[in-house]
Amino acid sequence: MGAQLSTLGHVVLSPVWFLYNLLMKLFQRSTPAITLESPDIKYPLRLIDKEVINHDTRRFRFALPSPQHILGLPVGQHIYLSARIDGNLVIRPYTPVSSDDDKGFVDLVIKVYFKDTHPKFPAGGKMSQYLESMKIGDTIEFRGPNGLLVYQGKGKFAIRPDKKSNPIIKTVKSVGMIAGGTGITPMLQVIRAIIKDPHDPTVCHLLFANQTEKDILLRPELEELRNEHSARFKLWYTVDKAPEAWDYSQGFVNEEMIRDHLPPPEEEPLILMCGPPPMIQYACLPNLDRVGHPKERCFAF
């Protein structure tokens, strides 16, 4: 009798247990584990690969807690890296070039500011040189998500005026972007999010400023996106020092470049900016104003 009850119990419970396991697997598959569970917690992540992109730019790949983890960073947000360097805590913001479509790792493309290369900054960049010195297997602390802007898809941006304010929703048909140097990383994040959705009609216009042609970060990725999605992504460069047979603009961002290569004010686009503060203050904002782009439709990362 006991054996019969045991068998009966097994027969009754097996389908339930099977269904439970199936539901759990489906749930786990649809909701990957998130690394950045709280913006107030630091998460140590291990360096697993370092790629030399050019003379001063590197791609750093860090492992997430498991191959099934995603970073958990909303589009438009950034992370902070923190490390103790020469006895002092150094914290710097960065935007990954990978996304939550990538499981198990996060990629950062970072320009290394070496000492004794820029007369105004003889010590170079503390964090970028620290990253350059890291060996495979070393860890560094990540914290996030952080930032005032989130792209929600289909042209919808949620923007907070400050950290304590509720977000204001702006829905646009086109986005104008001005990036300088490493300021390209948040732009690429938004561009990729828009283009990967075939039902997102938003058009991106990027004006990308650099010192020289060789300083153009992520150029292959940008031009591949432009070539494959020419109706949805417009790309233009300007460099301070142009080589011979240069097909793009030369000089600082100016009114003419904004008129020619960003969407007009009549389209009511959102204008995104990221780059050195002097570029934003003296080149972008005054010339955007001259062209007619209102301040409430301009956002600087």
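A Cβ is built for glycine as well, from the same backbone N, Cα and C atoms used for every other residue.
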Let me know which member of T139, T171, T185 Swiss-Prot also records as binding FAD at the site of R92, P93, Y94, V109, K111, F114, K126, M127, S128.
-> T185
Spatial neighbour of K42 (N6-acetyllysine) that is closest, considering only the recorded positions Y94, K111, K120, K126, S128 and their CA atoms | Y94
Rounded to an integer, what is the Cα-Cα distance in Å between K111 (FAD binding site) and Y43 (phosphotyrosine)?
-> 23
Could you list the residues of the same chain, at least six apart in sequence, whose Cβ is under 8 A from the Cβ of Y94 (FAD binding site)?
-> H78, I79, Y80, L81, L108, I110, T185
Reduced to three states, what secondary structure does DSSP give K42 (N6-acetyllysine)?
-> coil
Could you give the maximum C-alpha to C-alpha distance in Å for the residues R92, P93, Y94, V109, K111, F114, K126, M127, S128, T185 that bind FAD per the record?
-> 20
Give the distance between the Cα atoms of K120 (N6-acetyllysine) and K126 (FAD binding site), rounded to the nearest whole Å.
-> 14
